[in-house]
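Participant: Under the heading topological domain 'Cytoplasmic', Swiss-Prot lists 1-9, citing sequence analysis as support. The transmembrane segment annotation in Swiss-Prot covers 10-30. Residues or ranges marked as topological domain 'Lumenal' by Swiss-Prot: 31-166. Under the heading active site, charge relay system, Swiss-Prot lists SER44, HIS83, ASP108. Feature annotation from Swiss-Prot assigns region 'C-terminal short (CTS) helix' to 152-163.
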Amino acid sequence: MNIRQQITQFLSLAYVFSSAFMLWKTLSVIANSHSPIVVVLSGSMEPAFQRGDILFLWNRDHQQKVGDIVVYEIDGKSIPIVHRVLREHHNSEKQLLLTKGDNNAVDDLSLYAKKQQYLNQKQDLVGTVKGYLPFIGYVTILISENVYFKYGMLGLLGLSSLFSNE
C-alpha cells in the first residue's frame, strides 16, 4: 500500500468521524440540549420504553406538564435518568418537578441530590422525550457492558480500515 492510499484511507476515516460529530452538534443546537439522543439503560419506564430504546429529546419547551416524559441529570451522577413528571409546581421564576419511573413503586426523591426535593426545570432537565426507536440502542449497551464485544468491534473496525481498497 503506497502513501497516497494510506492518506486517502485516513482522510476517509476523518471524514466519517467529523460528519458524525457535526451531525451531533447540529442536533444539539436544534434540540437545545447537550444530549439530544439518549439510550434507555434500565427497565424503570416499562412498558412505555424498554431497555435499549433510543429516545429523541427536545429542550425548547418552557413548561413541562404532569405526564410528560423527561430526561434529567443529577449533580455528581453521570447517567441521565428517563422518568415521567408526577407533580409540578411553578411560579414566575422557575418550574419545579417531581418525577417517577412508570415501573417504579415510589417517586424519585431518593435519586435526587441531598436535600433536593424537586428538579429545577432549567437546571436539571436534559430534555423532553418527543420520539423513540425501539431496541436500536442495544448496541451501545452491549459495548458498555461487555468488554469482549467492545474489543471485538474495535478489532473489526481496525481490520476493515486496513484491508479496504478505497
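Including glycine, each Cβ sits where the backbone N, Cα and C put it.
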Participant: Cβ under 8 Å to the region 'C-terminal short (CTS) helix' (152-163), counting only same-chain residues 6 or more beyond its ends: which ones?
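Facilitator: Cβ under 8 Å, 6 or more out: 9, 13, 143.
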Participant: Return the residues near SER44 (active site, charge relay system) by Cβ distance under 8 Å, restricted to its own chain and a separation of at least 6 in sequence.
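Facilitator: Those within reach of SER44 (active site, charge relay system), by Cβ under 8 Å and sequence separation of 6 or more, are VAL82, HIS83, GLY101, ASP102, ASN103, ASN104.
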Participant: Averaging the per-residue pLDDT over the topological domain 'Cytoplasmic' (1-9), what integer do you get?
Facilitator: 84
Participant: Who sits close to ASP108 (active site, charge relay system): which same-chain residues at least 6 apart have their Cβ under 8 Å from its Cβ?
Facilitator: ILE81, HIS83, LEU98, THR99, LYS100, GLY101
Participant: Other than its own, how many Cβ atoms are within 10 Å of the Cβ belonging to HIS83 (active site, charge relay system)?
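Facilitator: The answer is 23 other Cβ atoms.
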Participant: By DSSP, how many residues in the topological domain 'Lumenal' (31-166) are helix, how many strand, and how many coil?
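Facilitator: Helix (H, G, I), strand (E, B), coil: 33 helix, 39 strand, 64 coil.
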